[in-house]
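Peer 1: Structure below; questions to follow.
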Amino acid sequence: MAKRMIEKHKKSTRIFHWLHLITFIIMLWTGLSLFYPAMNVMGLTFGSLRNAAFLHKYLGFFYLLLPLTYAIFNFNLFSKFIKLISTFTPEDKQWMRVFGGYLAPLIKAKYIPPQGKINAGQKLLGWIIIIFSLCLGLTGSMMFFYKYFPGYLIQVAIIIHVFCGTFLGSAIIVHFYLGAINPSSRKELGTMLGNGMIDEEYVMKHNALWYEELKK
């Protein structure tokens, strides 16, 4: 018997996720090639470091414009998402203590608290992406308009920019592993980068609180 499927993410959200992810990957790739000498060779993917720098600078504006455009044209979905990631429940705190069971057997989790549409880790990642992207946008803009700022501020901006980019890149790698490779949660990949659907059995196990909401 065919499994009952549930839509987790709308088409507009999936398209935004695809575009934002691809943009970030290109920016991370070009950024690493520019700021870490040992990785300069990566910039040759685009012909030269000069081309990589040009692409990195102007894609930065596109990276910031994408979520703004999404928020304007999908305000209802955007506001619901912000509300979701801003609501931390006692269950979320318990989930974080055991890392959702993902680090077993390093951290034994006899009980994994039920979660809503997105789990506590995804909520945390949501705010990491928002905060660090804003920091990247601010420091990147300072470097783009460097003539209007004193040299020491540009130096500070560069340090913050590199740190935020490297940290955010690391967070995305962990997110990719959990959403696409980890056996217990890799079905999540299809909900955002596929057709947006997930089977009912998975939702009952991983998103029990959301499942109860859907039944009402």
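Using the three backbone atoms N, Cα and C, a Cβ is placed for every residue, glycine included.
Keep in mind the model is a prediction, meaning the values are calculated, not measured.
Positions annotated as domain 'Cytochrome b561 bacterial/Ni-hydrogenase' by TrEMBL: 9-194. The transmembrane segment annotation in TrEMBL covers 21-38, 58-78, 124-146, 152-178.
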Peer 1: Could you tell me the mean pLDDT over the domain 'Cytochrome b561 bacterial/Ni-hydrogenase' (9-194), as a whole number?
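Peer 2: That region's mean pLDDT is 93.
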Peer 1: What parts of the chain pack near the transmembrane segment (152-178), using Cβ distances under 8 Å and only residues at least 6 beyond its ends?
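Peer 2: Cβ under 8 Å, 6 or more out: 21, 24, 27-28, 31-32, 35, 102, 121, 125, 128-129, 132-133, 135-136, 138-140, 142-143, 146, 185, 188.
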